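Please read the structure below before turning to the comments.
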Amino acid sequence: MAATAAAVVAEEDTELRDLLVQTLENSGVLNRIKAELRAAVFLALEEQEKVENKTPLVNESLKKFLNTKDGRLVASLVAEFLQFFNLDFTLAVFQPETSTLQGLEGRENLARDLGIIEAEGTVGGPLLLEVIRRCQQKEKGPTTGEGALDLSDVHSPPKSPEGKTSAQTTPSKIPRYKGQGKKKTSGQKAGDKKANDEANQSDTSVSLSEPKSKSSLHLLSHETKIGSFLSNRTLDGKDKAGLCPDEDDMEGDSFFDDPIPKPEKTYGLRKEPRKQAGSLASLSDAPPLKSGLSSLAGAPSLKDSESKRGNTVLKDLKLISDKIGSLGLGTGEDDDYVDDFNSTSHRSEKSEISIGEEIEEDLSVEIDDINTSDKLDDLTQDLTVSQLSDVADYLEDVA
């Protein structure tokens, strides 16, 4: 029974298989499956042939470079860099691709070949870093040296000119003062030297007790002594007329900033325009006789009458001349000075009284002008003695 049952089942399976195949063929599915299987088999066979006949990847330029000594040195430096920082994955790709699985040098051999000396047990970084540092030092070495030379050249020239200028400016001033000192005549009095020192001061008020004002007023009172003083001043004026361009030494002094007063009155002389500049230059060292009338001892105030003012001024001048005579200034050579002055001067014969009267008239005119302008605080009288030539002199009255 069992055998018959198995035979029946086998027949039924065969019928079902045939029925399935027939159904698949009728629908076209079976043929499509057969074609796909056949294509897959053919593709597998083709792929197998390609893999067997495939050539290895080779970079010809890299291969030629690595065949040289420098090429192997560079590849060894890169491999040492990757090994120093434990870049294993990158190293696993680098070595097969460059075909450098073997033949690369270690760190010690590289350091010896490059001339890098390392202390035992001390590793500061990869050898590639040390090579770059040495290249930078070689590049910066000449430039820094040139820069140092340039800096020395830049800073050194200014020092030498400064030294030269300082050496030149100091002696340039000394000969000027020495030259002026040598050009002074030996016959100059002590009072004249003090008068020259007084010219550098802005406040030139005259007092009766100072020998400076005594010597300057002595020039106004005695005509004979004026001749000797003017002869000495003329020599200084001629010498200093050539030194007039050196006006830098005169800067800073208020006396030289004031304009030179114009002469208002002359006494019996003729003007010579050619020598006027020299005569004015001779007055540069003479002190201006600026003094307020109220500052003179015994002089009345400005509110007194005009006649009393003139008389008091004349009395003061006589007093000063007497005091200077008592001090012994200008004595001993008065007769010679009188002879020289009288022989060479072209002045009109005027006595001290006539000159005093003219001074009194000038003072009266000046006081009238001051009274009309309501400026009665101070009156400054500048009596300047100068000489336009060797044979003439004049007096200036400046309010």
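Residue numbers in this text run from 1 along the chain shown.
Keep in mind that glycine also has a Cβ here, set from the backbone N, Cα and C atoms.
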Practice task
Based on what Swiss-Prot says, identify which of S202, S209, S213 is the phosphoserine one.
Solution key: S202
Problem - From S279, S295, S301, the one Swiss-Prot labels phosphoserine - result: S301
Fill in the blank from the handout: The candidate from T23, T234, T372 that Swiss-Prot records as phosphothreonine is T234
Fill in the blank from the handout: In Swiss-Prot, the phosphothreonine annotation, restricted to T143, T165, T344, falls on T143
Problem - Per Swiss-Prot, the candidate from S152, S231, S291, S321 carrying the annotation phosphoserine - result: S152
Practice task
Using Cβ-Cβ distances, find the residues under 8 Å from S326 (phosphoserine) that belong to the same chain and are at least 6 apart in sequence, listing them in sequence order.
Solution key: none
